[in-house]
Amino acid sequence: MRGEQGAAGARVLQFTNCRILRGGKLLREDLWVRGGRILDPEKLFFEERRVADERRDCGGRILAPGFIDVQINGGFGVDFSQATEDVGSGVALVARRILSHGVTSFCPTLVTSPPEVYHKVVPQIPVKSGGPHGAGVLGLHLEGPFISREKRGAHPEAHLRSFEADAFQDLLATYGPLDNVRIVTLAPELGRSHEVIRALTARGICVSLGHSVADLRAAEDAVWSGATFITHLFNAMLPFHHRDPGIVGLLTSDRLPAGRCIFYGMIADGTHTNPAALRIAHRAHPQGLVLVTDAIPALGLGNGRHTLGQQEVEVDGLTAYVAGTKTLSGSIAPMDVCVRHFLQATGCSMESALEAASLHPAQLLGLEKSKGTLDFGADADFVVLDDSLHVQATYISGELVWQADAARQ
């Protein structure tokens, strides 16, 4: 926590000639920053009788909350599911490179792996604040190994697991300590899954439903046990059927706890999800849509063979497959590309597209007071965009951490 006195004495930055995303609208207002947080200018004027120490003209551009990616498996040759002696350096590389795509916070994601990989990797990726070194780490997303064999997708079958008699202890034996974990994806139809969901939720860990053959009733029961997220909607789950819509049916279910918002990840890369499916999901439940990249180590590398955990992946153009198959294996589209494709495919408002990559993931993780918003008091993590939503600059805690060459003075 920053000291109030220290913050009060810090320099005040005023970002002018901009449109800021606040309250679901793009407003022609200035953005004020001090001590790494968004400042209320009225308090500055009337209570402290101060003005800005520095003004920065944004040239009419958009200022939106920094993007938050809650499912990213690696990128730029780094595979988070590879048990190396220096996992941290790989995470740092990805954290630095994704700044150019407007991402200010992320959840490094591990795909299904043997226990020894989790035991070696998980302790090496702690929660970390963002800054000039790169985007902040909000905690790990462990996708598998407690998932369906039928809907395993690119996850290696040899390492899939079901829950043993003492289910939560079995999970701990698989993963090791959970201090660095923020999200766990599991299949709710697995025996004893509900006691695991309750135990994880009690520890403040978000439970996501995915890689599953669960019917709607099983999915609803999982939500009552504490699940709040769906991993890459439509992918690796039963297809929608009018008599039993499966997990997809959670978007419009009337059998959920009162006031509970179900969030769901969407890979809007132009490959994983047909534009019509994107439109259906968004129109059915817009406030729960969370854009994710599901990016793999091949992000930024081009065609050829790469790894993803224990599997080989082949990239051909804009698509990644498990080598030798036509099974999709994550995405190679960065977050800003997903935002632009989502906007174009759904015809939604620019505000909605931006909130799907910022506010909604923050709400999913319970961080909406500090992340995913430009409200007063929030962290000054934001992205500067042109009218076509190309990233011009990225700020973390009010500090410029990346700038496009064309935007440099």
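Don't overthink the numbers, they just go from 1 along the chain as shown.
Glycine is no exception: its Cβ is also placed from the backbone N, Cα and C atoms.
Record note: Swiss-Prot gives HIS211, HIS232 as divalent metal cation-binding, and the candidate from GLU143, GLU312, GLU314 in that site is GLU143. For the recorded positions given as HIS232, ASN235, ASP294, the lowest number of other CB atoms within 10 Å of the residue's CB is seen at ASN235. Close to HIS272 (substrate binding site), meaning Cα to Cα within 10 A, are the following binding-site residues out of GLU143, HIS211, HIS232: HIS232. DSSP classifies GLU143 (divalent metal cation binding site) as strand under the three-state reduction. Of all Cβ atoms in the shown protein chains, 25 besides its own fall within 10 Å of the Cβ of ALA154 (substrate binding site). The binding residues for substrate are recorded as ALA154, HIS155, ASN235, ALA236, ARG243, ASP269, GLY270, THR271, HIS272, LEU328, SER329, GLY330; their greatest pairwise CA distance is 30 Å.
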